[in-house]
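Enquirer: Quick one: the structure is below, and I'll ask about it shortly.
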Amino acid sequence: MSLFDTINSGGTQLLGVAWPTVWALVRILVVAVVILLCVAYLILWERKLIGWMHVRLGPNRVGPAGLLQPIADVLKLLLKEVIQPAQASRWIYMVAPIMVVVPAFAVWAVIPFQAGAVLGDINAGLLYAMAVSSIGVYGVILAGWASNSKYAFLGAMRAAAQMVSYEISMGFALVVVLMTAGTLNLSGIVGSQEHGFFASHGLNFLSWNWLPLLPMFVVYFISGIAETNRHPFDVVEGESEIVAGHMIDYSGMAFALFFLAEYINMIVISALAATLFLGGWSAPFGFLSFIPGIVWLVAKVFFLLSVFIWARATFPRYRYDQIMRLGWKIFIPVCVVWLVVVGFWIMSPLNIWK
């Protein structure tokens, strides 16, 4: 019996019919706290990694090796005053950061951490993740409009156009995964990558979707970078043009919520990419299956997050017209072509997803 089963059975005996509600709230709270800690130390890892790429030390003053720097940053932001512009639409101005950060948390309801460990194992998990993650753009638009600033509004318009453009190619990539797996359930998609010729010979990593769906994997991940407005697609908050974009008139914790949502979305994109294309919690080799699945998922997510950071430190920022051209003239045609190719592949005798 697993630890979760033991807790569940003990809680049922202790609280009776109230236990399912209490257990759901406890799991949600634990996941939320873990996500917040991951965001805090992801920011530290980003600063450290970019520092090493720049041949400098990075933050190293607060705590041993700078490990307490995220806590110091949070305390600083908590003590900052939230200043509202005189001409801002007050309620919309305050609601906008919440509308950005809530969907980022909500996506985690359907992401499986290992077999049987998921908050909500619903059959339409993939559709839910795509739909909920698309809501955040409304908060960005409201933030730009409510600030009553031309720079904030320009950043919001850029964000809306960019996020809508790249959601199309991400949607195509998810449709192709759906075609091969035959299910919208994320646990089922991971399970569909655990069988086949290579998996039966212990080479699990060659049976994952990244190999047969490599163009879709590349398109999905790059589109994810654009969706999160990360470098080199960060024209929304281009420091050399419009400073912080839609966040320019925010301060204190209101400003921090936007950054919190950005880094949570980075982890979400990486977790979904690992689940859909890299086998989720599956071990890369059969003889390593004794290691808990959550360890493999965390390792894959950490690798993809490091690629996010590497891209920031390596590539120059794209012009806005180049970003739109990449999304509409390259990614969408590639997705349509590969969608047709995979369709014929599935219908042919060479179908590897049977």
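Here the Cβ of each residue, glycine as well, is placed from N, Cα and C on the backbone.
The feature transmembrane segment is assigned by Swiss-Prot to 25-45, 91-111, 126-146, 170-190, 205-225, 267-287, 290-310, 330-350, with sequence analysis given as support.
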Enquirer: Between the transmembrane segment (91-111) and the transmembrane segment (290-310), are there at least three Cβ pairs closer than 8 Å, leaving out pairs fewer than 6 positions apart?
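Expert: They do not touch: fewer than three Cβ pairs between the two stretches lie under 8 Å.
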Enquirer: Counting CB pairs under 8 Å, which listed stretch among 126-146, 170-190, 267-287, 290-310, 330-350 touches the transmembrane segment (205-225) the most?
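Expert: Out of the listed stretches, 267-287 contacts the transmembrane segment (205-225) most.
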Enquirer: Short question: which residues 6 or more past the ends of the transmembrane segment (126-146) have a Cβ under 8 Å from it?
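Expert: Sequence-distant neighbours of the transmembrane segment (126-146): 88-89, 92-93, 95-101, 103-104, 106-107, 109-111, 152-157, 159-160, 163-164, 167, 170-171, 174, 177-178, 184-186, 189, 227, 236, 245-247, 250, 258, 261, 265, 268, 272, 276.
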Enquirer: Within the same chain, where does the transmembrane segment (170-190) have neighbours whose Cβ lies under 8 angstroms from its own Cβ atoms, ignoring anything closer than 6 residues to its ends? I mean 6 or more beyond.
Expert: 110-112, 115, 118, 121-127, 129-130, 209, 212-213, 216-217, 219-220, 223-224, 227, 275-277, 279-282, 332, 335-336, 338-339, 342-343, 346, 353
Enquirer: Same-chain Cβ contacts of the transmembrane segment (290-310) under 8 Å, 6 or more residues past its ends?
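Expert: Distant contacts of the transmembrane segment (290-310): 42, 45-46, 49-50, 53, 113-115, 117, 221, 225, 230, 266-267, 269-271, 273-275, 278-284.
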